[in-house]
Amino acid sequence: MDKRPISPSSLQTRFVDIHEVLPEEEEGITPSMSEKPENKRVNRPIRVRDTKRNHRSFSRQVSLETGFTVLNRESKAKDERRALPRSGRSFGGFDSANRIGIEGRKGDFSIFKTKSTLSKQNSLLPSRKDHQREMESQRTEGSTEGLDESVNRSVPAGRYFAALRGPELDQVKDYEDILLPKDEKWPFLLRFPIGCYGICLGLSSQAVLWRALATSPAVKFLHISPFINLALWILALAVLVSVSFTYILKCIFYFEAVKREYFHPVRVNFFFAPWVVCMFLAIGLPPMLSPKTLHPAIWCAFMGPYFFLELKIYGQWLSGGKRRLCKVANPSSHLSVVGNFVGAILASNVGWNEPAKFLWAVGFAHYLVVFVTLYQRLPTSEALPKELHPVYSMFIAAPSAASLAWRTIYGEFDGCSRTCFFIALFLYVSLVVRINFFTGFRFSVAWWSYTFPMTTASVATIKYAEEVPSFLSKGLAITLSFLSSAMVSVLFVSTLLHAFVWHTLFPNDLAIAITKKRLAKEKKPFKRAYDIKRWTKQALTKHNSVNKDFEAEKEDC
């Protein structure tokens, strides 16, 4: 760009302090703008000392009359720094060749890669590229000032609620920026969320449902083939293996992203899902494959990791400071409670009734606390959205599973079991009757979490029909079972289409790429621009008043 020398007379005009002008803003200055001040007061003498002082004091100031920025020639190194524009690009993008070197680079996804011990040791050794890295770090100093000092540190729970929106906290608010580019497709493992275990929950619970339909005397007249249960069980097992294998790869290569999901208030509850799915598969094992009594080691293998994770999460709820229950409670918190009831059912099937009663008591106590907390006020301060969001169906899962667990432990559908069942039935109806919630929804993997509570309620209804055989109870059991199976079928077909035909199943997971702190510096240009406008208005008003007084004095004379 052709830069003209700054006329000394241009320094006599009014200035106001604003932010440092970016190179792209500087290019917008035309030569005609810089030529105007040269015609005024050219012959006026200027002291050298005053000129240097003006250069120092006006290095970040702009003339209101000309709009021309006075640059400090002595600080040329600062010109190489690039500030992040609010254009939707992220800190990790660095897509422009102006930002890093001549060639530039695309999204820097290495910030979420696993930090291995070997890489830490190699970083201590001298390298030929040390100088180059040092120069690159100096070049990108301005763009990384607002970046988190370390990505792998835990993000406060309140930060997720502040930066994200939606009941699942998976949508970035408009005024927030992220660490990775939004308009660039991320690696597959980074886009693979732990919420995919919702697919396994839906299919494994369907295996339990169709086993109940094939063996229950209440619906014996339907003549359900047990091979349906076998096919669903094999399909659920295959999906569980696939999802687990993929997520293990994510843990290996992008462990920092996995930690981000663990600190997420909603997704942390899905870390319970793999063990719940395994227990569902053990409960829904086809009769032709299952022994008379399951070995207790199966229960220990599945319930052990769940219990230790439960101790961690419940401890945070009780005395976790910023991660206590009143701060992080959301409908998906029911998933961390449901596993207690599913584990109680499996413990009763292996012949351990006392551990089953213990798990039921722990689960029911925490269910009451979560239920009351969510009924009072959601941390997101958002009402139920227009569409029936799947995560809200978690309200149905816990009482349904509690009803089944009590019936399995004590062998009858007595008063306590029926109380839990009626609570679940009322919550089910209160969501279903709102037909307008089903309009205008957009498919997401999260919709699979809606099938799991529906299926659990259907199984509980079948057990209730066995204790209270009537036309109404049997009809209700068949209706709920049909609805849950139809929902699973629709979602299964939609998932296949989005995955293999439209390739839109896994969009960029923006929720894990938020910054640890909101960049308050981004607001300064706007604030200063407002200050310029206000200062200009005041200056013009004062100038007009002075002119009026001067004209009045001339008239008096």
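Using the three backbone atoms N, Cα and C, a Cβ is placed for every residue, glycine included.
Fair warning: this is a prediction, and the values are worked out from it, not measured in the lab.
Database features, via TrEMBL:
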type     : residues : note
COMPBIAS : 35-45    : compositional bias 'Basic and acidic residues'
COMPBIAS : 127-139  : compositional bias 'Basic and acidic residues'
REGION   : 24-45    : region 'Disordered'
REGION   : 75-97    : region 'Disordered'
REGION   : 120-150  : region 'Disordered'
TRANSMEM : 188-210  : transmembrane segment
TRANSMEM : 230-249  : transmembrane segment
TRANSMEM : 270-290  : transmembrane segment
TRANSMEM : 358-378  : transmembrane segment
TRANSMEM : 390-409  : transmembrane segment
TRANSMEM : 421-438  : transmembrane segment
TRANSMEM : 445-465  : transmembrane segment
TRANSMEM : 477-501  : transmembrane segment
Proximity of the transmembrane segment (270-290) to the transmembrane segment (390-409), 3+ C-beta pairs under 8 angstroms: no
Top Cβ-contact partner of the transmembrane segment (445-465) among 188-210, 230-249, 358-378, 390-409, 477-501 (pairs under 8 Å): 390-409
Recorded stretch, among 188-210, 230-249, 390-409, 477-501, maximising Cβ pairs under 8 Å relative to the transmembrane segment (358-378): 390-409
Other parts of the chain folded back onto the transmembrane segment (477-501), taken as Cβ under 8 Å at six or more residues beyond its ends: 199, 202-203, 206, 209-210, 213, 218-219, 222, 428, 443, 445, 447-448, 450-451, 454-455, 457-458, 461-462, 464-465
